[in-house]
Every structure is written in C-alpha cells, then in structure tokens.
Amino acid sequence: MKYIVVTGGVMSGLGKGITAASIGRLFVDMGYRVIPIKIDPYINIDAGTMNPFQHGEVYVLKDGTEVDLDLGHYERFIGEEVTGDHNITTGKIYKRVIEKERKGDYLGQTVQIIPHVTDEIKSWIRRVAKESNAEICLVEIGGTVGDIEGMPFLEAIRQMHNEEKEEDFALVHVTLVPLDAGGEQKTKPTQHSVKELRELGLHPDVIVGRCSERLKPATKKKIALFCDVPEEAVISNEDAEDIYEVPLIFKREKLDEYLMRKLNLRAKESRKEWEEMVKRMKTLYEEASIAIVGKYVDVRDAYLSIKEALKHGGIEAGCKVNIVWVDSEDLENVDDFTLDVDGILVPGGFGARGAEGKIRAIEYARENGVPFLGICFGFQLAVIEFARNVVGFSEANSTELDENTPHPVIDLLPEQKGIDEMGGTMRLGDIEVTIKPGTIAHKLYGSEKVVERHRHRYEVNPEYIEKIESKGLVFSAYSDGGRRMEIAELPDHPFFFATQFHPEFKSRPYRPSPPFVGFVRAALKYRREEEI
C-alpha cells in the first residue's frame, strides 16, 4: 500500500481537498485504484448536525454517513464511492478509545493520547486502506498545521512515516504564496509553515504553493532552498477558472512524474477522459441562466454538489450554466416579482424560514412554463404548492412547517416518530427507486430501477396521493414497495420535475445525473425559444 498524505499550512480554505482529489485523479488516469480518507479534527461524530452557514454542504455517502463536502470532491474526481469509514473525526476516534477502555481492552493501562489515540488513528487508516483493495491511499488532514485539534493526527502520521518504507509514503504540504502590494510572490508564510511542520517531526516531500498566479522560477527556487526540497518538488497551484482544471495544472507541473518516482511506481496506462471533459467544458458556447432559490445563498458551498451537478448537466447538454442566486426570504416580502432566468431550482433544506418564498418561486415556474427542478425539500414544497393552488387545499402544508395544518400533504416518516436525537437519524443513503414506464423520469433514466441517495425525515402523505394525482401531478417513482413517493412531474409542462432524493450526490463530470441533464436541456430550449 502506498500512502499519500496531504496537509495544509498558513490558513484554512486553501483547497487541500481539491489538491488531494486532483492528485488522486492523476493516479486514476495512470491506471491505479485510489481510495481517499478525510480526517476532520473536530469533536463531532460526523457533519450531519453542522450549520451550513459555518460548514457548507453536508454530503451524504452511499451508506448514509453525513460528511464534509471534501468527500464529494473525492467521489467526483476519483470516481470511487466510499463509506463512513473513509471519514475520520476526533469524535469517532475518542468514542472508539473510550469504548475500548470501558470494555477493559487496555488491561488497566493509563489511556493517553500517545500511544492509545495515535494507535487508533493508525489502525483506522490501515484497516480502511486494506479493506478497500486499493493500491494508493490518499489521506487529507483537515485544518491547518499548528491547530491544537490536529496534533494527535499529525503525530500519528509521523509515526506511520517511520513505520512504512520510504518508497511507500509521500507527504504533500499545501501552503499560501501571497502577493505583496508590488506584485511580488512572498515565500515567508510557506517557510514558516514548513518550519512548524518540521518541528512536529514531519518533512514534506512536495510543497504545493497556492497563489493567484503561476509560481515564478525564482519563487520556486527560494522555497526549495529554505524548505529543503528539490525545485521540482515545488508545485504551482495557481487560481484556475474551474476546479476541474487543477489535475491538468498538476500534470503540467509534472507532479505525477515526481510522485511516481518517489513511490517507485510506473504508469500502467494513460487515460484522457478527464482532459477531454475539461476541453468540452471550456468550449461551450451556448449559455443558460438558472436560479437557485434557497436560504443559504450567502454561503455558496452550502449548495456545492448542486452547483457541480448543474455544471455536469451543462457539459452533457453543451451549455454553460450561469447560476443566479436568489434568497428565498426576499420573495416573501414582495407583492409581485419576475425571475428573468431560464430555469428555477429549489434545493434541499429544513425549517420554515424562507419556505413560503420557495413555494412562490415554484408557483412562478409552474404558471409561467419555466423549467423547474426541486430536490428533497424542494420536492415537498412543489407538492404543497400544487395542493394549494391546483387541488384547492389553500392551507395545505408540511407538518414540519405547521403542525396544525388541516391538510398535511407532507408528514413525518412513521419511523421518525419518537426519535429525539438529531445526528444520523434521518432516512439516509442509497435506496432503490422504482420508476413507472412512460414517464418523464423513465425517459431521463432509461431504466425502471435506479439507486439514489436520500436525506430526509418527511414524505408525501399517502392519504393525499390519489387526490393530488387526479389533478395532474404524476408521482412517477416510488420506493419501499410503493409506500413512498420519490419523483413528481407535470407531463404538460416544459419541464416540471422534483425528486425526494438528492441526485446531485451521484453526479459526476463524465457521468452526469439524468435529472440535471434533463433540466439543463429544458432550460437551454427555453432560452432559445425566448430569443426567437
């Protein structure tokens, strides 16, 4: 097993996740199976209860584990579907150590950070790597070198480095190379970051410099001199127009060749699908504007997978997607409004704040023939809007938003009743969905059975299905033997489509999600017709 560990210095938010995912992509293109592990030093067990304003999107894995958004980058770049074991948190490690202590596994020892916590970290990494049957294990340590939360993990990595063969271990350190007022690239932050890393017993094999422009030869030479690495191990990672260009930047920098020599590997093949995908993406000449109507629009990472899935759909449809961010609360405070866009998307979410604004956006899309895609909460709100304005249940609602609504067209899942804990208790992960033949959904997917990821507590109330369908809204897919509605569509609308599941979590740049492809194609058609 070869281990590539990615750490970060100077500041958070430099793009360690994209760096790690891009390195993984390089090895995938050379014919290797790569498996990622993301270490998050926070004490939370998982990301499921975290506020999107603080943490961005909660990404859902196939086994239902709620994780950091970087796991989404890994799945999209590397092409592997992973499980909750591929996300290590301080909470998980401490929980495991405490459980062992309670069972007496430590035989009366004083349980300490070293060796018990560090041994648990190493054991977890090696177990996941072995069970994956991969050839390369990519480990990203979240946070910044020097953070107190990350110290046990860095110590565990130091020990692993000493325990593994030199040719089986590579450490990549991502740092910031800022520009001063005169435009000079400054290396001092990188020097200090590497110094701090070395004080912990770790020496980087590769230094990736994040900068607004390509690192100059003189900058690379200076970093190499003061940080004690070869010049060829100083890699430029300048700002790119799109994150999918980063693997190509690394290939230009010959990072793949350097790591192959360090790990004593040879390329098995030379795949071009990623490079070809980026070329297609950069040559799209038609455009369509799509509004994302949500309440977390000030934190764009809260809808990261949706942004990426729209991009994937655009590549397939031959169309560049321009996103227009609309705060749903703003739509609640106006008598009338116009959304000058080619498509409207209402994403997942929770709670009453902004919900009525989303319902108004859905009504606008339905009445004006604007292509619409609803996801999870957006699916539920689409059902509510239809029940109110077409079926005639003017006070229809979800019991999440109004416990006393006379028409609870959306209600709590039966198995959710009586659950008090929030973390990891929703209907989560991959679930098989059955699609009815002859529907828009069947045309998009081309199959009667699909597997999609879920994250919800509420569902369409079965008592209202027949009444709603009698007025024209078709529930075209279901799960759990027909008990749960999964897709709603309007056959006579240019494109009105909503899913209870989250199709964005399984969308890939070279294998886009069918609902997003259909949605973007409909938006492009709408734009063409508007221009005539």
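Placement of Cβ uses the backbone N, Cα and C atoms for every residue, glycine included.
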Write down the one residue from ARG271, ARG280, ARG457, ARG483 that Swiss-Prot lists together with GLY349, PHE377, GLY378, PHE379, GLN380, GLU400 as binding L-glutamine.
ARG457
Among ASP63, ASP68, ASP70, find me the residue Swiss-Prot lists at the same ATP site as GLY13, LEU14, GLY15, LYS16, GLY17, ILE18.
ASP70
Would you identify which residue of LYS100, LYS103, LYS222 Swiss-Prot lists as part of the CTP site it also attributes to SER12, ASP147, ILE148, GLU149, LYS186, THR187, LYS188, PRO189, THR190, GLN191?
LYS222
How would DSSP class PRO189 (UTP binding site) in three states?
helix
According to DSSP, collapsed to three classes, what secondary structure does GLU140 (Mg(2+) binding site) have?
strand
Restricting the comparison to the binding-site residues LYS186, THR187, LYS188, THR190, which residue's C-alpha is spatially nearest the C-alpha of ARG457 (L-glutamine binding site)?
THR190
Residues near the ATP site, GLY13, LEU14, GLY15, LYS16, GLY17, ILE18, ASP70 excluded, by Cβ within 8 Å of the Cβ center?
GLY8, THR19, ALA20, VAL174
Look at the recorded positions GLU140, GLU504 and tell me which residue has the greatest number of other C-beta atoms within 10 angstroms of its C-beta.
GLU504
